[in-house]
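If you check TrEMBL, you get these features:
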- 1-55: domain 'Cytochrome oxidase subunit II transmembrane region profile' (DOMAIN)
- 27-49: transmembrane segment (TRANSMEM)
- 56-193: domain 'Cytochrome oxidase subunit II copper A binding' (DOMAIN)
- 217-299: domain 'Cytochrome c' (DOMAIN)
Amino acid sequence: MFWAIFHHRQSKGAKSASFHESTKVEILWTVIPFVILIVMAVPATQTLLAMEDTSKPDMTVQVTGSQWKWHYRYFDQDVEFFSLLATPMAHINNERTKRDNYLLEVDRPLVLPVGKKVRFLITSQDVIHSWWVPDFAVKKDANPGFINEAWTKIDKPGIYRGQCAELCGKDHGFMPIVVIAKEQADYDAWLQTTRLAQQQAREEEQRLLDMEMSMDELMTLGETVYNTRCAMCHQVNGQGLPGAFPGLAGQGVSVDPAAKLEHISIVVHGSNGTAMQAFGPQLSLKELAAVITYERNAWGNNTGETVQAAEVQAVLDGQDL
């Protein structure tokens, strides 16, 4: 550049070129890129609109996040269930060798048919979560009090995995998502079996109201329920986490004979202003009775009291306090 400036300087007689704009060229290099952009923008816009278009679905599933699990409800199918982490606490606490898919398995996966447009209505019961399944290109926040929509159409059967993608508290990393895609015939068979099982469970609930379970039955089931639903906060040993989750061993309503109904009410209805959820909508009468019995008799509490399904039902009906 400096050589050109020096070599072609005016003092040596160099004459600068004189030229003017070309209107034709300017029109062409403006119009042609504009047309190209329009040609690209039209299908891109159509694709973006189609990505967000949840209308005319073949089926709808409501997805509700809560600390730290997912709840799925199939609209018009009379089927709903919670999906929780299936990894045993012993693996999480490094007491046993970790398996494949550590922290990625759930007790009840979401089951969907292939080749159908599935609409998801995504919301939350407590804090902000995010339902994310990369293979479906779906990642939507689950906000309490709001519903976000998304959709997918699965091409082939298989297992698809996802995760909560929004930091939602202590056990945010324990909220995996598992979706099993089935051919329509297999899906229909699963749906019928699941619907029948849930109907039978509701009928059994009614029979339980006239029955009494033994202490051994309640303690065995209660330990299982406690370890899967309660131990993450209150700890396996019932000691809780000071300042966050109260202990149950040797203290509070768990050992107070006069606070039995209050104990049931807290488990069933939750506790306002705390992280204690309402487990009434989440567990069966048998599970509620068992886990409360377990909490009142484990870790040396030894109240000797059992809680029966009828007592839990009375609290659910508002006859608690």
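From the backbone N, Cα and C atoms, a Cβ is placed for every residue, glycine too.
Note: the domain 'Cytochrome c' (217-299) comprises 47 helix, 2 strand, 34 coil (DSSP; helix = H, G, I, strand = E, B).
When averaged over the domain 'Cytochrome c' (217-299), pLDDT in the model lands at 89. Counting residues of the domain 'Cytochrome oxidase subunit II copper A binding' (56-193) by DSSP class, helix then strand then coil, yields 20 helix, 64 strand, 54 coil.
Helix, strand and coil residue tallies for the domain 'Cytochrome oxidase subunit II transmembrane region profile' (1-55), in that order: 39 helix, 0 strand, 16 coil [DSSP].
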